[in-house]
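Have a look at the structure below before the remarks.
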């Protein structure tokens, strides 16, 4: 992977893949522009430092059907927000409409890749979040144009490698969110590196309900001892039937206290996933308490990964209090699990 910093780009036309897949309200308003702001550094670098002649920006937004334009998933409001955020001349920037409006994107169509690359000199990928997908705007164009890693992508890989190879100990990982099968490889890989892995959310519920010895006997994995049911009742895990565990919506007070005690001993922490159904204020306490503790801890290097995690941190206005927030979403966790990502392999 060659950094864009090492590329000769004077007067070159650059095809730039970013991730502007930001959360939107039902009314179509941008809830969190974090990913747009994260992309600005590379764009500014290309214009001011590398003196490129043109930038064609490509991104996706949501999950359109691939059958043409869908107004509620248009990049136009995203482009408008971008223009308000920057303080440099953008007259030579072309913003392509939502790439997933085109069926060839997710099929990694070579014909689409050729159209995207038409009249362009180089390709810069600055979106780790899509590097786990073999798509035309990620892998296809890299077979046609000389390809480089953007500043954001380069920094995220560098920090992920640090977490994998030499995190400052004690290193602890908090994993929550949805299905355990989506994160099992990450948990396995990080259990070899981390001192403790603290679980919550549906991930913890599924492990507790399954009584899977692979997880329960792993001395580095810590599970909730109490939880909050849908009814609001606090229960101790060992006192309820397995069939009831699926109804747990948040970690309980005792688990919160235990997790905070563990984290107080750490020096590096990665949080990836919510510890409860935080979109419902009744079940947000566990996630919020952990995030608040990490944000206030000056002696801990704190990292966040995953779209829901970042959305919650930024909604609490604590993003600037974390050491770093990965914009790579699921791709960050796949990278940590040791999987080869097509978008990164394409650089080779």
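Using the three backbone atoms N, Cα and C, a Cβ is placed for every residue, glycine included.
Record note: TrEMBL gives 279, 306, 307, 308, 309 as ATP-binding, and the candidate from 155, 165, 166, 183 in that site is 183. A 10 Å radius around the C-alpha of residue 63 (substrate binding site) takes in these binding-site residues out of 35, 100, 279, 307, 308, 309, in sequence order: 100. Shown in sequence order, 60, 61, 62, 63, 64, 66, 73, 106 are the residues of the chain, 6+ apart in sequence, with a C-beta less than 8 angstroms from the C-beta of residue 100 ((2R)-3-phosphoglycerate binding site). Whole-number maximum of the Cα to Cα distances across the ATP-binding residues 183, 279, 306, 307, 308, 309: 21 angstrom.
The binding-site residues considered are 35, 60, 133; of these, 133 has the fewest other C-beta atoms within 10 angstroms of its C-beta.
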